[in-house]
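Annotated features in TrEMBL:
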- 69-82: compositional bias 'Basic and acidic residues' (COMPBIAS)
- 914-930: compositional bias 'Basic and acidic residues' (COMPBIAS)
- 97-271: domain 'Amino acid permease/ SLC12A' (DOMAIN)
- 388-670: domain 'Amino acid permease/ SLC12A' (DOMAIN)
- 684-793: domain 'SLC12A transporter C-terminal' (DOMAIN)
- 64-86: region 'Disordered' (REGION)
- 877-960: region 'Disordered' (REGION)
- 1-16: signal peptide (SIGNAL)
- 187-208: transmembrane segment (TRANSMEM)
- 228-245: transmembrane segment (TRANSMEM)
- 252-271: transmembrane segment (TRANSMEM)
- 386-405: transmembrane segment (TRANSMEM)
- 426-449: transmembrane segment (TRANSMEM)
- 469-495: transmembrane segment (TRANSMEM)
- 555-577: transmembrane segment (TRANSMEM)
- 589-613: transmembrane segment (TRANSMEM)
Amino acid sequence: MLMICLCFLLTGDGNPKESSPFINSTDPEKNQQYDGKNMALFEEEMDTIPMVSSLLSSLANYSNLPQGSKEHEEAENNEGSRKKPVQAPRMGTLMGVYLPCLQNILGVILFLRMTWMVGIGGVIEAFIIVLMCCSTTMLTAISMSAIATNGVVPAGGSYYMISRSLGPEFGGAVGICFYLGTTFAGAMYILGCIEILLVYIVPQAAIFKMEGLEGAEAEAAMLNNMRVYGTLVLSFMAIVVFVGVKYVNKLALVFLACVICSILAVYAGVIKTAFEPPVFPVCVLGNRTLVWKGFDVCAKVIERENATVTTKLWRLFCDSEFLNATCDSYFANNNITEIQGIPGIMSGTLRENLFGNYMDKGSFIEKVGLSAAVEPDSIPTNTNRYVLADITSFFTMLVGIYFPSVTGIMAGSNRSGDLQDAQKSIPIGTILAITTTSIIYMSSVFLFGSCIEGTVLRDKFGEAVRGNLVIGTLAWPSPWVIVFGSFFSTCGAGLQSLTGAPRLMQAIARDGIVPFLRVFGHGKANGEPTWALLLTACICESGILIASLDNVAPILSMFFLMCYMFVNLACAVQTLLRTPNWRPRFKFYHWTLSFLGMSLCLSLMFICSWYYAIVAMGIASCIYKYIEFRGAEKEWGDGIRGLSLSAARFALMRLEEGPPHTKNWRPQILVLVNMDSELNVEQPRLLSLTSQLKAGKGLTIVGTALEGTYLENHPQGQQAEQSLRKLMEAEKVKGFSQVVISSNMRDATSHLVQAGGLGGLQHNTVLACWPRNWKQAEDHQSWRNFIELVRETTAASEALLVPKNVSAFPSNGERFTEGHIDVWWIVHDGVTLVHICISLLYLQHDSDISAYTYEKTLMMEQRSQILKQINLTKTEREREIQSITDSSRGSIRRKNPAAVTTQLSVTEEPAASSKEEKPEEEEQLIHDKSTNPPTPATPQSPSADAETPGTASFFFPILL
């Protein structure tokens with residue numbers, strides 16, 4: 001009868017109960033406990049709070065910082081005070097998930113590279129890129145929602161969800177990849193912030209001047225400016241985060257407002273272009289777009305006071321201001337055309353921007369549809385006057401640059417501990433944020449292609465429109481709305497990355513799964529991750545030294561894609577394995593969606609950059625193997641262990657389908673060892689021999705037997721098993737250990753032989769030592785147990801390997817140069833196994849093999865060949881072998897009848913029937929073979945009890 005007792009411990013909520021908290025109460029600390037609490041008696045009264053005031057209160061408390069930042073801020077504010085910190089109100093879906101995800105997704109790529117991507121790739125290919133990336137994040141969000149609704153959401157964000165689902169190895173590898181992605185994202189945001197500052201706001205602040213420079217010199221000057229200013233901004237942001245995250249928290253609402261206002265300004269500008277397009281003229285010479293800098297009129301000459309005078313543009317290409325001046329050949333042969341940079345949504349520009357215009361580095365940005373007169377074999381001059389392509393563009397590069405714009409979907413899950421209902425808020429808020437941003441990105445592709453001229457779209461830095469930000473030319477009421485909005489939003493995103501990445505590293509370090517990272521788990525007294533912040537700043541500086549947003553974006557794309565891929569993998573594995581603890585409440589989840597999301601992530605990794613993908617996967621693999629060999633063991637109930645169990649079950653079921661083929665046969669050894677009084681192995685060299693024979697292949701079971709009852713000797717059994725495991729690890733024997741406790745040693749050994757292995761994975765060979773002191777009459781039980789073992793292995797059709805004087809066998813680290821190994825066998829069949837044993841021993845030890853053994857092996861082969869040639873049936877061959885064996889036994893009895901008489905007198909019971917005579921004959925055969933072996937070619941023969949000093953001779957009979 002099975003009885004299940006369920007015990008429930010009823011406890012309170014932990015809050016002190018007051019009969020009248022506000023009346024006749026003089027303790028202010030007790031009254032403070034009820035501040036902000038809803039004291040309604042009925043649920044209907046809770047709906048009477050005005051929604052507007054609740055929304056304003058939520059906005060006032062809005063924070064986009066990861067979980068843990070507020071706790072550190074409160075600890076710092078309350079340091080030295082005995083007052084308990086007042087817990088911040090829990091956040092809902094809007095403030096806790098939707099707006100933080102929206103703010104993290106809409107970032108620097110939208111403002112600085114979206115228009116350029118549409119102009120280079122065309123509307124069609126740009127839409128395909130956006131669709132692929134948004135689909136990847138949506139599928140990942142579905143998988144993440146399934147994890148979030150599977151029981152209690154861990155209060156540690158995405159890293160905790162992944163590591164507790166996939167285990168410490170995968171969790172540590174993915175967590176570090178996520179950390180590196182977040183860190184390089186901070187570098188990308190800082191580079192974007194510096195680009196906006198030096199290109200669009202204050203170009204005069206450049207330390208390395210670019211005026212008058214062309215080609216590589218101008219590019220080097222720009223990169224050096226990015227490095228200098230990027231390092232300064234990074235240092236300032238790191239100091240701000242180190243001093244206190246409360247300053248970052250106070251600006252969170254400002255950064256959010258900048259993002260929302262910038263997006264609204266773009267849509268307002270698009271609507272305005274349908275009625276009154278903004279005036280942003282573009283000057284084109286022939287079909288080449290000119291940099292609008294240093295001139296005010298897009299013409300070669302103008303009429304002034306009934307006279308033709310040259311313009312500033314003329315002086316840029318000619319050596320003087322007169323009409324008879326010597327000018328650039330291309331300038332002289334082509335006309336100047338002024339086109340409208342923002343023709344408007346109703347102008348039909350979409351048709352021209354449908355298809356891509358990929359360019360090589362240094363090529364001219366040309367207006368499609370205009371002709372130009374170019375002299376053959378002419379070398380272009382004054383190239384700094386034209387808008388040039390700064391990098392070579394192709395489809396896969398656009399994917400790598402764009403993907404960071406859809407990251408940030410885990411901003412809500414990173415705040416799981418601050419949410420009122422994480423299981424409800426994370427799925428709804430994340431999916432709504434991805435849907436909103438996907439609509440914004442997809443509509444932006446069509447709106448940019450419909451409103452902006454193609455030459456302006458392909459102009460990355462807006463040089464053709466007087467140095468304005470290209471997306472800013474479309475904004476209403478002024479381009480400066482986008483410029484300042486994007487500047488502050490990138491600053492805020494950089495601060496958030498420098499705030500979130502150290503806490504992620506601190507969480508990984510405190511888990512202890514990566515030993516060399518434990519130092520980064522320490523920090524200030526309030527828990528602020530000081531050392532992790534220093535590491536983050538150093539890694540972020542390496543990204544800033546790259547100094548190019550286009551080169552940093554693919555790097556962080558790799559790390560985020562790998563993180564998203566493992567989130568999908570976690571869900572797919574948990575669902576396919578049907579683990580008991582996997583019961584997500586999210587209704588719109590299926591394992592095929594996770595598998596599709598994982599496939600998309602892997603494909604995008606190699607589409608973006610195959611060599612970056614290999615490097616990222618190599619880093620994750622190295623971290624995985626390091627944690628596997630050196631990391632701390634954690635039992636988190638992960639899905640990978642379930643996968644191993646399922647794979648093992650599947651393999652065992654396949655092995656049950658039938659016996660192995662001869663080609664697949666290999667010795668699966670059960671090693672029987674004895675334990676001394678201190679539960680240590682008496683024959684450690686037996687495992688050295690096992691290691692040499694197996695070389696880590698096949699199945700190895702090391703078993704031992706203890707005498708007694710299981711209830712009384714269970715601790716001794718555990719100690720013996722631990723001793724076996726330590727010796728197996730020392731001798732590098734890969735296998736399993738097994739301890740059997742029985743009332744007598746014979747039964748225990750029999751149980752090991754019968755019950756060893758599982759299913760089709762069972763032993764077919766038993767390795768046991770020759771019994772010690774077998775000649776002494778008072779210790780007759782040892783050789784009786786040995787004879788019983790021989791009978792049982794014969795009945796089970798298993799091979800028996802019996803080494804004698806195994807203590808003389810060299811260890812794995814010892815190279816033996818003297819002595820020889822004699823291999824003796826009792827023939828049934830199985831010359832193959834004898835060959836395997838002789839070959840292994842001969843290859844691993846340069847010992848002489850007895851010429852007698854070699855001769856007997858050849859005789860056995862010849863006998864087998866003769867039996868096959870005379871076409872005997874299987875029964876006839878067995879009968880022939882048995883007759884040879886019987887003749888051998890008869891000759892032994894005739895030569896040594898006294899040994900037979902002595903052997904029978906020692907036996908406990910006389911032979912009662914003919915069934916018992918055959919085992920006695922086998923016993924005598926083994927006995928006589930060991931005492932009087934045939935003289936081999938080698939003069940030295942194995943000793944019965946001891947070995948000759950200075951040699952390593954041991955006896956090795958094999959029963960097949």
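Any Cβ shown, glycine's included, is placed from N, Cα and C.
Please treat TrEMBL annotations as automatic predictions, because they have not gone through curation.
What you are looking at is a predicted structure, and each value in this text was computed from that prediction instead of being measured.
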Within-chain partners of the transmembrane segment (589-613) [C-beta distance under 8 Å, separation at least 6 from its ends]: 132-133, 135-136, 139-140, 142-143, 145-146, 396-397, 399-400, 403, 554-555, 557-558, 561-562, 564-565, 568-569, 571-572, 575-576
Intrachain residues whose Cβ lies under 8 Å of the transmembrane segment (228-245), provided they are six or more past its termini: 65, 69, 72-73, 76, 187, 190-191, 193-194, 197-198, 205, 207, 494-495, 498-499, 502, 528, 530, 533, 537, 540-541, 544, 547
Arithmetic mean of per-residue pLDDT over the domain 'SLC12A transporter C-terminal' (684-793): 83
Three-state composition of the domain 'SLC12A transporter C-terminal' (684-793), taking helix and strand from DSSP: 59 helix, 21 strand, 30 coil
